[in-house]
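Everything below concerns the one structure shown next.
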Amino acid sequence: MKGSFRQSMAWLHTWSGLIVGWVLFAIFVTGTASYYRPDITRWMRPELTRAAPLDAPALGAAAERAVTYLKEHAPKARGWFIGLPQPDKPVLDLFWRTRPGEPPGHAMLDPRTGTEAAMRDTRGGDFLYRFHFELHMPPLWGRWVVGICAMIMLVALISGIVTHKRIFADFFTFRRDKAPRRSWLDAHNVTGVLALPFHLMITYTGIITLALMYMPWGVTTAYKGDNQAFFAEAGWVTTPRAPANRPAALAPVGPLVERALATVPETLERLSVVNPGDANATVIAVFEEPHGLSHQHPQIAFDGVSGEMLEVLGDGLKPAAKTFTVMTGLHEAHFAGTALRLLFFLCGLMGCAMVATGIVLWSLARLPKANERAFFGLRLVQALNIGSIAGLPAAVAVFFLANRLLPVDLAGRAEWEIDAFFGAWIVAALVPLVRPQRRAWCEGLAAVSLLCLAVVAADILTIPGHPLRLMGGDPLFAWFDAAMLLLAGLFALAARKVLRYEAPRKEGKRERDMAQGPRPEPMAPSPTRAPVRHREPTHA
Amino acid sequence: MTPSILAANLGLSFAALAALCLSLNRHHAEVFDRKAERAAVLRLRAFGWAAIAASLVVAGIGEGWAFGPVQWFGALTGAALGLVLLLSYRPRYVAPAALVALGLAAVPLSLAVFTVSP
């Protein structure tokens, strides 16, 4: 690190971007997909059809059926979580925790009968959503890794702004037909600068959503480490109640559901039953958040035995607590309707493109001269680039494909889907190590395109109610397939571009003439693409 | 109401950014094959910033001052992406597209004014 402030920042930008680039790309891709988490989940559970919303007595009766099931299957649990049927997801989604360290239980019930719903076992969009901030690692580890990457991302963003010399003059500049380093740098700048408000917002709020985990000291000191007491005082959760350790029968939840619905005008999303069977049991009704930026669910706590209403949490947050919920709300964008959601999604894609062009630039800036061998670090970076930029989308496509092609009654089906995802990713990351770099790019991108097409084909062939086969089926399937076709087209275009690419004549001519002799290192994409390796500290 | 406000935001943003873009010599030359005159540059810049500000006001009034700024930023980014791609692939279409965008923004706006005023 030497020279001017800007050069130091360029150094910081280059290396902070490189070390977290691949993980960030995965976080951005899965996070962008998570804007459509409910839709992806619904697509992955084609057995579910949309239903009319239930009225209060029907919802209460469904909740009763859930409690009956839980009393039988999870009598010892510390907490029951009952996702109530919604028009888009007409099932009872049950989840229970027995004790720390034990895997939680999970079941889906038909709300009309209380028996287990007949549908394929899948994690759906929740897998991508959790991967976004846990990377499929143990939650604590995953969140720390993602958090550190996000903090370094913030460093890379700020240092990138400082490094960019002509932020206003080059605001609209994308010279796609110039030398590769120039075009890639333009693409990196354009995707970074045009969506900069989004990038700063999403990175900062992303860190904030988990800030209490990264910086627990305030809560540790003021509340003696009792997070729940802090959350309750902030007004985010209802006051926790310790178990009395005396058994008592749980009050019928049906009437509680009806009273909750009469109190708060929002849609009732789920019930949490804390310490069921205890004299101090609590039933908490959690509603969908009202339309607003803030991510705060209204909640009502009932005494689980007497049925007395203990506490109603609405929107009475203090400024600091409200700031926090607005930041998480902005990050998750639950408030966004179709069009605004599409803009958020587009910004997410620009984030993916910014990270991808950034890590490619690092390797473009270090291409060997015509008579040099590529050094090991460069080859590693090149292979990792292909393994993530083509490999991750391929893995996501295989995840969708597995959802359609695995036998519906396969034991551990949800895990098989995830295994398919990681299996595909590992293969896609290893193959580029043994292939010439340009071929590997071309093959990787083409493979993603073919896999997306395969997803569409599998969807149409295996879903009897697909809108293309049945006039007027659920339009979700048509939209999903259209998005897949669009992705297939984009990746096919990219593959074609790599295949057909030739460096602009005037820049590469002399080197091309020189390279007619003994052919150098095959890893270099093409000798003509390698400009003289001069360091421009401000560019990659 | 929401889709029409968003359409107005997108149209205003596109026209504004196109004007700011054409006030830069490099892009002006790409589109019109000549250098921009000083007066034209000033006019384009004034219009561009005014339209960006107008877009914020429209979003704030139409969507409330909580959602408005979010939508304003989103529309600016979306319009800018479209503009950059158009400028790169079909620079000749930038000026007509900006006029069309301005026209498209005017439709929902005039409708909104018309329905609010009586």
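Note: Cβ is positioned from N, Cα and C throughout, glycine not excepted.
Noted in TrEMBL for the protein shown:
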- A:12-36: transmembrane segment (TRANSMEM)
- A:141-163: transmembrane segment (TRANSMEM)
- A:184-214: transmembrane segment (TRANSMEM)
- A:342-364: transmembrane segment (TRANSMEM)
- A:376-402: transmembrane segment (TRANSMEM)
- A:414-433: transmembrane segment (TRANSMEM)
- A:445-464: transmembrane segment (TRANSMEM)
- A:476-495: transmembrane segment (TRANSMEM)
- A:505-514: compositional bias 'Basic and acidic residues' (COMPBIAS)
- A:505-540: region 'Disordered' (REGION)
Hey, would you say the transmembrane segment (A:12-36) packs against the transmembrane segment (A:376-402), going by three or more CB pairs under 8 A that are 6+ residues apart?
yes
Can you work out which residues elsewhere in the same chain, 6+ from the ends of the transmembrane segment (A:342-364), have a Cβ less than 8 Å from its Cβ atoms?
14, 17-18, 21-22, 24-25, 28-29, 31-32, 35-36, 156, 180-181, 184-185, 187-188, 191-192, 194-195, 198-199, 202, 333, 336, 378, 381-382, 384-385, 388-389, 539-540
CB contact flag for the transmembrane segment (A:376-402) and the transmembrane segment (A:141-163), at least three pairs under 8 A:
no
Taking residues 6+ outside the transmembrane segment (A:184-214), which of them lie with a CB under 8 Å of any CB in it?
31, 133, 140, 143-144, 146-147, 150-151, 153-154, 157, 160-161, 164, 167, 170-176, 178, 227, 324, 327-328, 330-331, 344, 347-348, 350-351, 353-354, 357-358, 360-361, 364, 539-540
